[in-house]
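Lifted from TrEMBL, the feature list:
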type	residues	note
DOMAIN	A:81-298	domain 'ABC transmembrane type-1'
TRANSMEM	A:16-43	transmembrane segment
TRANSMEM	A:85-111	transmembrane segment
TRANSMEM	A:123-143	transmembrane segment
TRANSMEM	A:168-194	transmembrane segment
TRANSMEM	A:215-240	transmembrane segment
TRANSMEM	A:283-302	transmembrane segment
Amino acid sequence: MKRIGEFFRDLNKNRVLLLMVLPTTIWFLFFSYLPMAGMVIAFKEYRYSRDGFWASIVDSKWVGWQNFKFLFSTNDAYIITRNTLLYNVFFIIVGLVVAVLMAIVLSEIANKRLAKVYQTGMFLPYFLSWVIVGYFVFSFLSYDKGMVNHIASWFGADPTQWYTDKTYWPLIIVLVFLWKSIGYNSVVYLAAIMGIDKSLYEAAMIDGANKRQQIWNITIPMLKPLMTILTLLAIGRIFYADFGLFYQVPRDSGALYSVTNVIDTYVYRGLKSTGEIGMSTAAGLYQSVIGFVLVMTSNYIVRKFDKDNALF
Amino acid sequence: MTTQTQTIKTKPRDFHKLPTVWNVLFNIIAGIFAIACVFPFIFVTIISFTDEKTLATNGYRIIPEKWSLEAYRYLFKAGDQLLRSYGITITVTIVGTVVSLILTALFAYAISRKSFKYRNFFGFFAFFTMLFNGGLVPTYIVVTQLLGLKDSLWALILPLAGNAFYIMIMRTFFVTSVPEAIIESGKIDGAGEFKIFYKLILPLSLPGLATIGLFSTLGYWNDWFNALLYIDNPDLVPLQSMLMRIENSMQFLLQNTNNPSLGMGVLQSLPQDTSRMAMVVLATGPIIFAYPFFQRYFIQGLTIGAVKE
């Protein structure tokens, strides 16, 4: 009894702050925690019920691991996993190298105002939606009007049906990804470079180190912690793909699915076009669970490296 | 070594200067990439000002044979849908940003207070959603079946309103930039928790709120995914989503035109490609003109986000 009384006294003492967290807590319950519970439908044969949400979930028949069995018996599971992982591995490696190089380039440019102008230009794609980017790409790749086919014609090359020919799509996807993200990422690294103690460079200079040696022996080692953290965080998200990049940019073209279908687009199509709710949820659960394991693992590694930079 | 000492001798204070060749090269690299980032927008703008017939014969060109304002004229004449979508996007962006700021600020402030007994619990409650989520299908079912938000503007507002990442940024902001002494002084003056928050904390937190608010505004303005999932009613389609829908045909625009003179015969002469590109320009324009001014808040947000409590 005494403990219950204490509990209520605490509640009362914190009531205003509790009231403050209440709206957001309700939001999290509906938009995060209830969907987590709703994942049980991965183990059910989902049937929409007129009696609403709870009835739909409760009345659907349990089917055990059947949805997962179906999912992994198709070629789709392999393709979407492969695509998601391979693209992300590429994005992480190439993205890191290019972003760091661009940050160094920007930081070394003598005319600071010009550097600022370049930076502003590079930052632009970050502010645009994938729908807009899809239009941009289309203005280059359109079969009859696009610039790429036009330029190819100068060299006597035949026009390519870009949106049905999958040969170049892995490259196109990587290029579009870099185009959209490099500006943003290099700004992060640039901020870190600006934070490096200038006296380190002065000391190196006095010791006779040239610029290349300074970059190699000061700038890059000083950026290492940030590179490690951002890379490990990205590895934690390696099972998640950017839906817009893989849906808008290829214009949802069926002929390209084998190189553009990723877990996120697969789940979406299962829900909205093919109607395979069970399998779609199973794929989502597969993504969430492996994603969770990867975040925990990468955070564990970050903690070992450098406790201050761990997520938690 | 000799050249090295020489540079030091001639310019003793300039330690950071790059050799001229490299400086030129770096300028070229950064310049080309910066132009590549901006070019597609300029290109699309040029296309939107191209004469439709020229476009049909020549394709998209950087310097078109014939310029034309027809696409914009057409949009202003027949573009009810465009105006309506603009209205939807602006409404959703404003309401959404306000709701999102309220949710973020209240929650983040409470868990930033050391005297709040349950701060760790609620901190984890929000943080855990960054690590694990229910995925698309269960979320879709909750939003459509339980909350019944299909074809409602709230379906565009609520799913983006809460965000654990913003909460973490904001909590860091409160912890680092709002001194505990201010809260204490408020208490001594007899102000309640809400009054302290409203009168003392919020004015101090404007830079942090501005950063979160801008992130949120951008998120709402650019959102098309929630409309793709939840909106079928053509009257409720936001800008980005409308651009998606008209991607392959002008049908959508035609359906929503109340101009009776637009018969089937006129259909051929409609500025199809150009007006689609003109819509892209009109949907992107506000961002293009605004972002250079707000850029630094975004950079600030990125760097605050990297700092932990």
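Any Cβ shown, glycine's included, is placed from N, Cα and C.
What TrEMBL says about a protein is an automatic prediction, not a curated fact.
Note that this is a predicted model, so its numbers are computed, not measured.
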For the transmembrane segment (A:16-43) and the transmembrane segment (A:215-240), decide whether they are in contact, meaning at least 3 CB pairs lie under 8 A, counting pairs 6 or more apart in sequence.
no
- Item | Proximity of the transmembrane segment (A:215-240) to the transmembrane segment (A:85-111), 3+ C-beta pairs under 8 angstroms | yes
Could you check if the transmembrane segment (A:168-194) is in contact with the transmembrane segment (A:123-143), meaning 3+ Cβ pairs under 8 Å among residue pairs at least 6 apart in sequence?
-> yes
Given the transmembrane segment (A:123-143), its same-chain partners at Cβ distance under 8 Å and 6+ residues beyond its ends are 149, 159-163, 172, 176, 179-181, 183-184, 187, 242, 244-245, 247-249, 251
